[in-house]
Structures are given as C-alpha cells and as structure tokens.
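Q: The following block contains the structure, expressed as structure tokens.
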Amino acid sequence: MPFLIQSPRLLLPPHRLPLPFSRSLGRSDAVFRRLFNGVSAASATLSSPPTTVETPFSEILSIRDSLLSHRRTASEIAGEYRDRLHKVEPQLHSFLHVSETAMQEAEAVDQMVAAGRELGPLAGVFVGVKDNICTVDMPSTGGSEILKDYRPAYDATVVTRLRDAGAIVVGKTNLDEFGMGGSTEGSGFQVTANPWDLSRVPGGSSGGSAAAVSARQCVVSLGSDTGGSVRQPASFCGVVGMKPTYGRVSRFGLMAYASSLDAIGCFGSSISDVAILLNVISGHDKFDSTSSKRDVPNFAEELVSLSNIEAKPLKGLRVGLIRETIGAGVDAGVVSAIHAAGSHLEHLGCVLNEVSLPSYSLGLPAYYILASSEASSNLSRYDGIRFGNQVGSEELSSLYGNSRANGFGDEVKMRILMGTYALSAGYYDAYYKRAQQVRTLIQKCFKDAMNENDILISPAAPTAAYKIGEKTDDPLAMYAGDIMTVNVNLAGLPALVVPCGFVEGGQVGLPVGLQMIASAFREDILLKVGHIFEQTRQGYRFVPPICGDKYS
C-alpha cells in the first residue's frame, strides 16, 4: 500500500520575503486583504505553529543578495552550477545543448557589479530553456531529427526578455519530439531520467526542464504546456511548475504544436523563483497577436513571508476539490497525498468542498482531436525545403515524403495522421467540430465552478513517476496520464503545481504534486496561496538523492 513518507534529503536554508501586498484582487478582494494584511484578533496562532518548518529557499534572491553584498561573484556561482550540471548530466540527460559562453556571461555580470551598474532581476541566474523555444546562439531542434543542428536566426521573445533581465541561458533541455509525449522518452536524441529514481521517467514533454531544476543543474527553466507538459513533469520531479493563462506569455519563437493550446511555462524549486521568472517573461508582444495586453502584476512582491503569516492565513478562501480527479484510475497514494494537502489547506482556514465537473472525462478525447488536428497543419512546414533536414530525391513528392519519413518519429507521424483524418472531408463534423463543442462545454463547466470557488485543486497526474519503458508500447495508457491537465488548456486557464507529499518508490520515495487552478489571468491568487501552502508544509524536503547530502 503506497504511503506518505518524508524525504531524508537536504533541508535548504530559509529565505524570507517580507514584501508588501497591496494589489486589488477583484471578486476576492475582501478575502485576500484578510489573508495577506492580517486577520482578526480572535485568531491568535496556528494550532501547529510553523516555527519548526524551514521555508523553501529562493535561489534567485540568494544569488542577487550574494552579488549585491559582494559575498560571492557571478563567476563563482556559475562555476558551481556548471560543475553540478556536468557531474550529473551523464546520468540524467537533461540537456541537448549546453552553452559555450555561460562563464563569459557570468564574468560580464561581475563587471557590471564592479562598475556599480544596475542589475536585472535575473542577473547571474542559470536558466534552462526547452529545445522547442528558439535561441539564436544554440541549436533549437524541438527534440526532432528533422531539425538536427538547426539554428534559428532570432531569439524567442521569452528568451530576449530573459537576456534583458540578465539571465544566463545555460542550455537547451530535452523534450518529447515537438512536445508530443508525456515521458520525454519520445525525444529524437535521448531519454531523460528522473532525479528521484534514475529508472523512472521525469514526465513530459518538458521532462528535461523539470529534471534540470530538480537536480539543481540550473536555477529555473522554461517549458511549454499544451496539455500538461509543464505540470505533469513538475509533479514527477518534485518542483514547482506554472502554466500561465493562454496569452499571458508570448508564444513568438515557440515551435507550434497546437497553437490554440500552447503556453510557455515556468519551473523552479520554489514559488518565489517561479513568480520572479513569470514576471520577467509575461506581457504583451507585438510579434504575437494572441498575447494579452492586460497589465502584469508584480507577482513576487505580493508574496508574504512565513514571519508575516498569522493564524488561519487562508480564512475564507473557497477551494473546490474536483471529484472526478480522485476516483477510479488514480493511485491510492496520490489520492492520499491530495487529501492530506486538502486537509492542510483547511487547517490554514480554507473552506474545502468537493465539486463536480461533469464534462471532465470528455476533455481527453477532445484534446487529442484538437491538438492532433492543429499539429497536422503546424508541422506541414517541416518538409525538407523550408525547414528541416532534406533527403534528396528526383521527384518533389518523394523529397517531401522521404524527408518527413526520416525526420519525424513514430509518435509525431501518428498524431499528424490522426489530425489529418479528423480534418478530412466527411469526418470534420464528426470529430473536429464536435471536439470544439466539447471545448465550449468544458469552458462553461469551469466558469460555473469558479463562480462558487476561488480556486480548484486536483492531482497533477494519476500516478507518480513510472518506470522508463513501462508505457512505450501502450500509447493509450500514456495519453490517459494527461486526464488531470488537458481540461485546463482547453479552457485557457492558469494552473500551478506545487509538491505536496510522497508515495512509496525509488530510494527515498517519489514526489506528488498538487494542481491549483484559477480563473483566467489570476496567476496572482495561485502564487499567493501556493506560497503560503509551501511555507507551512510540514516536514517535506524536495531535494532528490542525486544532489547528494550537500547542496554543491
């Protein structure tokens, strides 16, 4: 019987954030003013005071403090990350490409410090970037042989914003080919391992980005989320993962899989690191017509430190546990971890209720019809002429066919065929049109649920990380693993995954992630609630065995 256990790994030192809270929160204003500006005198202390809990460590803020106080140089910090990256990379295979200029970029940061120049919010921070996000100075392959050694002529908007903020893009992380997969076994180049158990998958398709943060090969990383590709690997690898609202972050420079579903998301080892990273990459972009012009809150400044948290800090918050996500097909250990997380939220003052989303089970088939249909169109550009490696032939049709047959993997070919079939004459109404109708129904169900709740919670995946090779011969079982996440993409909502416990497995247990869902453009609520949950979480230490007994 799976059970909750405590990881005996390294306990990171606290880094507190005594920062102001003042932003308007719309319908939940009254609740959140009470949450973050103090509560009534009738609530004196938590029944289990969090004084014995070490708060999650903000690596970004620690690096910044070290640079500004001159305690350490960017070169010293970068050298430690570089050494750790190379030390564990032969076991993990998180990266497809590693920057050759990272140390020179760190030296440039040191020169800025010495000159007294203002530093960006990510100065000296090692950031991993999923290899379906374009970088001008490194190959961008999308994990596919068809783009092997391809170098874009430009940076994606998110990469430009990273560099403008002082970040050091340390390398390009492994992924399932073009983001099509749930385990990172579908990469055209290598299989990434899970830092908690090298015999298990890190999740997918952003498994390389999640594994790299979990193993502290980089500070934070970027992934893409079309149907759960940030949130599921965050759960498997025991890190924080954020999928923002559709349109919050520019998709310019992201290799399109399903354009109406794709979102660039963030990984970090703490909520505060994810909040800082999300602030940097968010905002309107003239190169992406789907990017939102809404103002971007300062997510990091609105987080509240443990020292300022009083009794029942989430009093009045309405939380809905999605009934359809804790029933048949979900491992007992995962259900136990989610129930324990729900109880902890109640202890913090939340009003927890089960809610039903009747259309939830319809999301998976609708997602795969819509995503495959859009993929069949988006991937037509990889023909050996405009993009991709070319297999020569005397006939143009043979050149197309041979280039695509040799460049694409089996999963990509299957999804292109599925999508082309769903869009074909005679089948469009039966499949694609009906899937769009289901999407509308799912959006309505979420809207109704959000009228009664401030956030919804569920597991991020029905299981913890499974063995490498366990599901490669059963694609339907692999697809079923997305049941917890695809509905959020169909509705275009933001969702956050925060580690909440462990189940039995591996050397010290396998992490489980709690998924929190909010209304569109309410990432601020998710980050605030997640930050309080993270700081008051009792006894769990989410540093994997591969990091050793010391964080170095």
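Please read every residue number as a count from 1 along the shown chain.
Glycine is no exception: its Cβ is also placed from the backbone N, Cα and C atoms.
As annotated by TrEMBL, domain 'Amidase' applies to 79-527. TrEMBL lists Lys130, Ser205 with the feature active site, charge relay system. The active site, acyl-ester intermediate annotation in TrEMBL covers Ser229.
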Q: Of Ser205, Ser229, the active-site residues given in the record, which has the fewest other CB atoms within 10 A of its CB?
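A: Looking at the active-site residues Ser205, Ser229, the Cβ with the fewest others within 10 Å is that of Ser205.
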Q: Express the distance between the Cα positions of the residue listed as 'active site, acyl-ester intermediate' and Ser205 (active site, charge relay system) as a whole number of Å.
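A: Between the alpha carbons of the residue listed as 'active site, acyl-ester intermediate' and Ser205 (active site, charge relay system) there are 5 Å.
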Q: Sequence gap of 6 or more, Cβ distance under 8 Å: name the residues on the same chain that satisfy this around Lys130 (active site, charge relay system), in order along the sequence.
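A: Within the chain, Lys130 (active site, charge relay system) has Cβ neighbours under 8 Å at Lys172, Thr173, Leu175, Ser206, Gly208, Ser209, Ser221, Leu222, Gly223, Ser224.
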Q: Average the pLDDT scores across the domain 'Amidase' (79-527) and report the rounded value.
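A: A mean pLDDT of 96 is what the predicted model shows over the domain 'Amidase' (79-527).
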